[in-house]
């Protein structure tokens, strides 16, 4: 089965092909560098760029896979969550292809796709704890099976990747901030003991909060006392400490020794090192090229949904800016084609 995967939930236009016999023969990602000058993503600009990039990216994805549209068996696309104007750009393109080619339209949840990007290169046993860390999300999810999810907690304010971007902007490092801070932190030491938000809060043991940490870091930046590399190291130590300890706590309480880390921040070298150093914990990370938003994870997850659940949806199914992953399977059934 050959599935076309479309991802436009934020500022990356990505289209990929998943072939059940060949794997991922193509995965084209066009990043919108125009946002770097603003230090963040502007939705209206993102939507315009998606519309401009869609056909060239589609053409390259097909050429890289050495196929034509007639070889496609189904169209998978990210329907939710994300920037609504960005999502609509991809969903509109997917619906047009589905209608004109008379092929099934398979909906994919953005968080779900990040999690199952880990499955593209290896099989992972259920159940497992998923830690999703990206520019828009910080969530802990118990995955019992595909489409059987228990949402444990998420961020109460800023997502971890968003805070990385804002701290990087305050330091004058550029955008996106995650890789830049990760690189600079390797040269620094922990000169400041920043707060570990909600780390010992029983009522919020699976929730996250990074706005206070962000403010504390920016205050220290504005004082101009410490070196940039020491600030980034101190900041990253606090972030990684919170992410790892809350995940390990959930593993202990649910009796699970398997963790899947997903999302753009899963590329962080210190986060990987801290998790992989934990004894008796099986931790999985996606390949580096599948950490950030990409069409391959959408194509594969769409294939998995169609193969295991037989799910496709009618053209009436609409994109949504918000939808928790545990609510998504039930929502699908009301629009099952």
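Using N, Cα and C of the backbone, Cβ positions are placed for all residues, glycine too.
For reference, Swiss-Prot has these:
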- 110, 114, 293: Fe cation binding site (BINDING)
- 132, 133, 134, 135, 136, 165, 178, 182, 268: substrate binding site (BINDING)
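Feature map: annotations from Swiss-Prot on the structure.
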residue	record	DSSP class
110	Fe cation binding site	helix
132	substrate binding site	strand
178	substrate binding site	helix
268	substrate binding site	coil
293	Fe cation binding site	coil
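Checking the binding-site residues (132, 136, 178, 268) against residue 114 (Fe cation binding site) with a 10 Å Cα-Cα cut-off leaves 132. The maximal spread of the substrate binding site, taken as the longest Cα to Cα distance among 132, 133, 134, 135, 136, 165, 178, 182, 268, is 18 Å. Listed in sequence order, 111, 114, 115, 138, 139, 140, 141, 262, 263 are the same-chain residues at least 6 apart in sequence whose CB falls under 8 Å from the CB of residue 132 (substrate binding site).
Distance between Cα atoms for residue 134 (substrate binding site) and residue 293 (Fe cation binding site): 9 Å, as a whole number. A distance of 11 Å separates the Cα atom of residue 136 (substrate binding site) from that of residue 293 (Fe cation binding site).
Cβ atoms within 8 Å of the centroid of the Cβ atoms of 110, 114, 293 (the Fe cation site) belong to the same-chain residues 7, 9, 78, 82, 111, 113, 134, 263, 294, 297, 298, site residues excluded. Across the structure, residue 178 (substrate binding site) and residue 110 (Fe cation binding site) are spaced 20 Å apart at their Cα atoms.
Cα to Cα, residue 293 (Fe cation binding site) and residue 268 (substrate binding site) are separated by 15 Å.
For the pair residue 110 (Fe cation binding site) and residue 268 (substrate binding site), the C-alpha distance works out to 20 angstrom. When Cβ atoms from all protein chains are considered, those within 10 Å of residue 178 (substrate binding site) total 25, not counting its own. The Cβ of residue 268 (substrate binding site) lies under 8 Å from the Cβ of 133, 178, 182, 236, 240, each of these being in the same chain and 6 or more residues away along the sequence.
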